[in-house]
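To start, the structure itself, in structure tokens.
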Amino acid sequence: MLLAAGTRYAYRLCGRRAAAALQGRAGRSCARSVSTSWSPVGAAFNVKPQGHLWDLLGERRGLFGVPELSTPEGFQVAQEEALRKTEWLVERACSTPPGPQTVLIFDELSDCLCRVADLADFVKIGHPEQAFREAAQEACRSIGTMVEKLNTNVELYQSLQKLLDDKKLMDSLDAETRRVAELFMFDFEISGIHLDEEKRRRAVDLNVKILDLSSAFLMGTNFPIKIQKHLLPEHIQHHFARDGRHLVIDGLHAEASDDLVREAAYKIFLYPNADQLKCLEELLSSRDLLANLVGYLPFPTGPPGTIAQTPETVMQFLEKLSEKLCERTRKDFEMMQGMKTKLNPQNSELMPWDPPYYSGVIRAERYNIEPSLYCPFLSLGACMEGLNVLFNRLLGVTLYAEQPFKGEVWCIDVRKLAVVHESEGLLGYIYCDFFQRANKPQQDCHFTIRGGRLKEDGSYQLPVVVLMLNLPHASRDFPTLLTPGMMENLFHEMGHAMHSMLGRTRYQHVTGTRCPTDFAEVPSILMEYFSNDYRVVSQFAKHYQTGQPLPKAMVSRLCESKKVCAAAEMQLQVFYAALDQIYHGQHPLKKSTTDILMETQEQFYGLPYVPDTAWQLRFSHLVGYGAKYYSYLMSRAVASMVWKECFLQDPFNRAAGERYRREMLAHGGGKEPMLMIQGMLQKCPSIDDFVDALVSDLNLDFETFFMDSK
């Protein structure tokens, strides 16, 4: 998951993209601190980090090597310096004649703010010390205020407008520079800068209102429900937390084996809340008003140049996918209902609270998949070594563990990796915050700390990212052992990290993962395909004690088990995406959000709507992925096509790996996604191609079926 998504809209001017080429800093630059005893890199993750003498005696470098951030007060220093430099760059932008230099100055302005904002955005939720979190939060507010001022600075806007209005000048620019200029203009216009003063003020007010409503709605999506104990049967009360005479229902309890527990949790947790309903309605109407006001109708799915391009194309994609899934989904529901009848004959109707539980029961019964059987073969160090082997053979990239300086990391468990290309040298740094700790966010995610870009002196600003997971700690007797799901998540997040390392653009505004949302998940989902291929897994999955390799049959069964009821799960995602599109379509909405939910569920899912529930009020993705929830399905379709066309025959094919880097990773967000996809696949895929790619992934592997039936 890309947590940068929220920042991308809160700090619109703090764009996305980075720069070109790095000359020969390879071995020598990181040899100083790379420990040769940590070769292969996996060894660094299979032992607890030990303190070094320079941890105690050496100078304090500050978080991520930023000298000011050795203390929380350093955020104030960093933001003040950024704001001073911002004022100087604004003057430069306004006094420079229109040309390519205009875009470079805008990008430096974006970088100046993002280097504080992006770092603070991570620290405010990822740092274990409250003082650092609070200082980072204040820095986010300060930079956010400046961004809003810049987005409504008429003189700054006009300096960019002069460039875009000059057709001859624009035609003389390269495609990446033109796209970055257009993206900066989009950021201005979504703030209403091109409107008269009264409308511009309304646009600013609407932006503020949308931010406030988004925050309130997001909080409401997780708000627990308290009910009096006597309202639930006594024999299921122990499944819920107690608060005096009340029970606390804080989720759907989707994996509970008792049908009544799941039913009660579903009906109570999703019971309509009038305040939350009003908040959602105001959020949707405010977004529509803003889109009308600034001239982006309907509510924009993000900056221009997505894969889908239009809401009509998105709905066409979802409708065709739903049609192709229909029969498979019906069979999945029949299979789940059969299992429910077998286990609970008195109450056998399949309901919306049933699929997660019964699909798991069927999966376990059919394939005997017990995650604990896999864990001894999947030590964290082995998985990291597997990634290292894969990146080296595909892309010529090696990961080196470095010893961080005192104060550089926020927790002793954080590992620092230098990413080095065999001929281009040092590409950037990945900080691996992989282990559980108190008050750490539970979501696995990727943060951009510093985007790459080509600087004025010709050197390259190296990208820096953080990967955050929640893995168990190693014990005295064994290293950190991963379940198959944890291993797949690790590969997924490393896909984002390598996109950041190899998306080496000229402009920070479009560096690495700073690209349209419906393309951003392609590199990470593609890595999931590698993690499920035995030829890749066999390179590293060995028992941490005996060295015995993970049997091929176990990998095959695991992969096939993921296809159990997968059509029904994909159909659910289609329903969510369609609901999101309708909510952000034509306004005013013809019916209430709950009536729309009921109709959309009937059309796009297949299980009945439950009266007196309002699932949409718990749909947190309506905030960060408003009108963009389809993106995950679209990205998965592209990743599936790339896998089948380019890597299925040989997952270590270096020529295919180099083409993947050249055609897809290297451009970040500096090139339209469809052009990147076309370059990679050597064809322009249609909506039908995307749909077929997703549906074909659901087909069973008959070799595994035959093997298991013997």
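Including glycine, each Cβ sits where the backbone N, Cα and C put it.
Feature annotations, courtesy of Swiss-Prot:
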- Glu493: active site (ACT_SITE)
- His492, His496, His499: Zn(2+) binding site (BINDING)
- Lys124: N6-acetyllysine (MOD_RES)
- 1-33: transit peptide (TRANSIT)
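Shown on the structure are the features that Swiss-Prot records.
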residue	record	Cβ neighbours (10 Å)
Lys124	N6-acetyllysine	19
His492	Zn(2+) binding site	21
Glu493	active site	24
His496	Zn(2+) binding site	26
His499	Zn(2+) binding site	30
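Cα of His499 (Zn(2+) binding site) to Cα of Glu493 (active site): a distance of 10 Å. In this structure the alpha carbons, written CA, of Lys124 (N6-acetyllysine) and His496 (Zn(2+) binding site) are 21 Å apart.
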